[in-house]
Protein chains: 2
Amino acid sequence: MPDTQTNANGERVLADLNALRAIGAYKTGVHKPTFSEPHRQSLDWLVQKLPDAGLSATIDGIGNVLGTSTKAGPKLLAGSHLESQNYAGWLDGPLGVIYALEAARVLNADPSVKGAVEVAAWCDEEGHFGSFLGSRSYVGQVTEAEIDAARDRTGGRAMRDALAEMGLSGRARVAVEPGRHVGYLEAHIEQGDTLESSHLAVGVVTSIVGIWQYRINFSGEQNHAGTTRMAVRKDAGLALAKFCVAIDERFPDTCGPRTVWTTGRITLEPGAPSIIPGGAEMLFQIRDDNPAVIARLEELLRTMADEASAKGPCTVSVEKIRTGAPAMMNAGFQDAIEAASKAVAGGRSIRMPSGAGHDAQMLATVMPAGMLFVPSIGGISHHWTENTADVDIVTGAQVFVDACRRILSA
Amino acid sequence: MPDTQTNANGERVLADLNALRAIGAYKTGVHKPTFSEPHRQSLDWLVQKLPDAGLSATIDGIGNVLGTSTKAGPKLLAGSHLESQNYAGWLDGPLGVIYALEAARVLNADPSVKGAVEVAAWCDEEGHFGSFLGSRSYVGQVTEAEIDAARDRTGGRAMRDALAEMGLSGRARVAVEPGRHVGYLEAHIEQGDTLESSHLAVGVVTSIVGIWQYRINFSGEQNHAGTTRMAVRKDAGLALAKFCVAIDERFPDTCGPRTVWTTGRITLEPGAPSIIPGGAEMLFQIRDDNPAVIARLEELLRTMADEASAKGPCTVSVEKIRTGAPAMMNAGFQDAIEAASKAVAGGRSIRMPSGAGHDAQMLATVMPAGMLFVPSIGGISHHWTENTADVDIVTGAQVFVDACRRILSA
């Protein structure tokens with residue numbers, strides 16, 4: 001395939017991304033929670049743009065925007081999401097939607113390209129109301145009861161009320177049409193520093209890691225912080241601290257090369273300055289794309305808990321509260337992205353897993369899926385300073401469009 | 001002094017304590033927050049009882065009950081408090097009030113005893129609305145502005161509203177009358193296990209420890225728990241855990257024989273399972289009756305923080321938020337309690353500091369003060385299972401009455 005064919009228009013891509021940034025702007029980022037006014041305006045903006053790519057646009061009953069084509073030939077679904085975390089960055093989500101829009105604009109109008117790119121903006125990937133609600137709905141995993149119960153985690157607004165205010169009450173939800181698509185392709189900022197620190201332009205995602213989450217409980221004895229001698233205390237908070245340090249010491253010998261683990265929340269009971277904590281809890285998360293690694297680490301965790309309980313004075317229990325199977329990216333799609341990188345980005349790409357979750361992991365349950373990463377400056381994400389150099393945004397768009405062309409012609 | 005004089009009536013003491021337990025009973029303890037209905041009834045109960053001891057009773061404008069005598073001779077002030085922590089024990093407070101009442105009943109009617117015991121029930125020792133409000137008011141340390149601002153820490157009710165509902169609005173607060181009292185004596189359950197584990201009946205309190213409190217802050221870098229490699233993380237929560245463990249390892253070499261220290265509260269920012277904490281905070285408390293020991297430990301704490309900051313990747317800062325000078329108990333009062341223990345309890349006493357705060361530390365700022373402890377079963381306090389064996393309650397009462405007699409005749 002020659003490299004001289006029509007490709008992404010970098011200026012148009014940057015202009016579109018900046019147009020979306022202007023809706024709900026916050027400092028250099030955006031504040032665009034799901035079903036907020038800026039989110040609604042962003043969906044409408046996309047609906048207005050899709051016809052330029054030869055696509056018919058609809059917003060479905062859960063807030064997914066879908067652009068469909070009547071062009072003959074294979075269809076490749078591409079997209080990401082338009083809402084943001086609270087007071088967060090401008091590229092997390094919109095980058096993938098605009099790349100998909102650009103690919104559709106370039107390829108759908110090109111009679112030499114067999115088939116078309118269809119565009120999706122999945123609603124609430126950021127989880128204001130639930131977990132991947134839009135893409136999960138599309139793959140058939142969201143019930144009406146789940147929507148009935150969903151509330152905004154920040155303000156508590158019921159999802160049904162939010163849908164009504166968006167004018168979406170009673171609309172059907174669009175579900176995957178088996179056989180319609182050859183697969184799904186999504187671009188995203190890396191949200192880490194692997195590409196930047198290696199001076200690379202493109203990450204070819206091999207898998208989206210699974211997330212395993214544990215609630216680790218420490219049970220001691222609540223007592224008076226003034227009258228209880230150190231020697232007889234059963235301080236659940238101290239037991240927790242020792243356990244955190246032990247994880248830090250022992251996990252590196254057992255983990256895989258890319259495993260990450262995080263204690264994100266700690267609670268002491270009752271949490272008063274003059275009371276020795278009788279109970280303590282930590283939320284602990286492990287991510288890896290290899291379930292065998294997770295299994296080893298979980299066994300280590302349980303062994304450590306048993307050892308700590310046997311040693312005393314507190315008892316430790318480990319409860320698994322979330323199991324997330326990793327999503328493998330399609331091998332052919334990885335090859336297409338790598339070939340596109342060689343063709344238009346000097347081959348400055350690397351294969352890597354995604355440590356963060358993305359809509360692609362939901363789509364991967366029903367069709368071949370692939371992901372492309374562009375560098376994140378300083379690896380920063382979920383913060384208004386999140387950014388990517390313009391040159392990297394443009395290069396990424398060119399690789400993405402070229403990869404779509406290769407997949408459609410495969 | 002002969003040991004055969006009229007002494008405490010153990011059955012009467014137990015009956016009175018059980019009468020107070022029946023007001024606001026919760027399981028085997030009580031739920032009697034300051035200015036609750038059971039608290040009001042308990043104050044009224046005491047007001048009804050004080051004339052039996054030859055005392056005139058008043059409730060002052062902050063809810064202190066004071067029983068005053070017109071008997072000639074020296075006056076010894078004695079008492080404790082009647083409210084409880086939420087859902088807590090039956091003896092923390094009432095024991096000292098009933099011992100004082102019993103001492104007044106026995107000694108004020110005895111013409112051979114020169115002078116009288118006067119009784120006080122200090123309001124809100126348990127700190128529902130403030131810190132030692134009743135006894136601090138009596139020693140002149142509470143302003144009207146502090147009362148204006150005070151609110152119930154559980155329900156948020158304004159103290160002014162609570163005082164109005166108690167019928168105490170506009171009443172004068174009674175202040176210490178310089179020269180009136182030879183001193184103040186208070187009995188209390190130990191709230192620790194020193195007496196029980198040594199099979200002793202009486203603790204002769206040497207001092208009430210000071211409480212120093214610190215806010216220790218850890219500053220790292222908030223980041224995505226999936227995309228940030230372990231090697232580049234600046235996890236403030238992990239830094240906090242390591243600091244807790246380091247305190248546990250290093251404090252024992254520097255502390256005094258009775259120092260206690262406690263991390264009562266830990267907060268991670270932002271405290272979400274998928275975000276590496278960028279900030280963390282612990283509330284840390286040290287108690288000792290020797291300020292030199294505290295000074296050494298505070299220096300160690302600051303050294304450890306500097307070392308941790310220098311080592312990285314997080315910075316640690318230590319902020320002192322409370323300095324509490326220890327209150328020394330009067331040497332003559334200690335001797336009187338010890339002599340009483342020899343006379344009526346077979347000398348089964350030990351001198352010990354109080355690790356908990358008590359109204360006696362406020363009274364000690366304006367007059368000689370002493371405290372007597374009785375054993376706590378299992379060292380439990382601030383819990384409804386708090387208890388003391390009846391035989392220990394009765395022995396304690398006898399020692400208390402005898403100690404009062406000795407102080408009045410000194």
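Keep in mind that glycine also has a Cβ here, set from the backbone N, Cα and C atoms.
Since we're looking at a predicted model, the values are computed, not measured.
Sequence-distant neighbours of B:H188 (Zn(2+) 1 binding site) (same chain, 6+ residues apart, CB-CB distance under 8 A): B:S80, B:D92, B:L95, B:G96, B:S354, B:H358, B:M371, B:L372, B:F373, B:V374. The Zn(2+) 1 binding site annotation in TrEMBL covers B:H81, B:D92, B:H188.
Per TrEMBL, the feature Zn(2+) 2 binding site maps to B:D92, B:E126, B:H382.
Counting residues of the domain 'Peptidase M20 dimerisation' (B:209-310) by DSSP class, helix then strand then coil, yields 41 helix, 36 strand, 25 coil. The feature domain 'Peptidase M20 dimerisation' is assigned by TrEMBL to B:209-310.
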Among B:H81, B:H382, which are binding-site residues, the residue with the most C-beta atoms within 10 angstroms of its C-beta: B:H81
Within reach of chain A, those binding-site residues of B:H81, B:D92, B:H188, B:H382, CB-CB under 8 Å: B:H382
Other CB atoms, at most 10 A from the CB of B:E126 (Zn(2+) 2 binding site): 21
Other same-chain residues whose Cβ falls within 8 Å of the Cβ centroid of B:H81, B:D92, B:H188, the recorded Zn(2+) 1 site, in sequence order: B:S80, B:L91, B:G93, B:P94, B:L95, B:G96, B:E125, B:I189, B:H358
Shell of the Zn(2+) 2 site beyond B:D92, B:E126, B:H382, same chain only (C-beta within 8 angstroms of their C-beta centre): B:S84, B:Q85, B:A88, B:G89, B:G93, B:S381
Other CB atoms within 10 A, centred on B:D92 (Zn(2+) 1 binding site): 27
B:H81 (Zn(2+) 1 binding site) and B:H382 (Zn(2+) 2 binding site), Cα-Cα, nearest whole angstrom: 14
